[in-house]
Amino acid sequence: MSWQTYVDDHLMCDIEGHEDHRLTAAAIVGHDGSVWAQSATFPQFRPEEMNGIMTDFNEPGHLAPTGLHLGGTKYMVIQGEAGAVIRGKKGSGGITIKKTGQALVFGIYEEPVTPGQCNMVVERLGDYLLEQGL
């Protein structure tokens, strides 16, 4: 299965039980910042933004004072799982990032999708990739 198929079929899909509710944007990005696959709507990010995200996974709390930036959008960092999941909020939307052995799985959402639904979609794929050694 191609990486793009994972994004299209497992991240940008309808949320279970909620037809037409789906993430706004999604991507799978290598730890080095290389894009493996992304939705057409995923923002163009700067290398320093990806460096900040990777630093926060290695040093939890790094982004808390400045916020998480992706594609020029600033998200307030909210409760995540140290070294495994970063979550951010901006207005009625937000972002979930799950770290796997080789990649970061990104999901960006806006209402009516809820933070919990975004977390479920992103973390389910991230957990699957971890189980596959990726």
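Cβ from N, Cα, C; glycine included.
Here the structure is a predicted model, which means the values were calculated and not measured.
Under the three-state DSSP scheme, Cys13 (disulfide bond) falls in the coil class. For Cys13 (disulfide bond), the count of additional Cβ atoms within 10 Å of its Cβ stands at 13 [all protein chains shown]. If you look up Swiss-Prot, you'll see Cys13-Cys118 marked as disulfide bond.
The phosphothreonine annotation in Swiss-Prot covers Thr114 and is backed by similarity to another entry. Thr114 (phosphothreonine) counts 15 other C-beta atoms within 10 Å of its own C-beta, drawing on all protein chains shown.
Remote same-chain partners of the motif 'Involved in PIP2 interaction' (84-100), defined as residues 6 or more beyond its termini with a Cβ less than 8 Å from a stretch Cβ, comprise 24, 53, 56-57, 63, 67-68, 70, 73-78, 106-111, 113, 115, 118-119, 122-123, 125-127, 129-130, 134. Residues or ranges marked as motif 'Involved in PIP2 interaction' by Swiss-Prot: 84-100.
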Do any residues at least six apart in sequence from Cys118 (disulfide bond), in the same chain, have a Cβ closer than 8 Å to its Cβ, and if so which, in order?
Leu23, Gly94, Ile95, Thr96, Gly107, Ile108, Tyr109
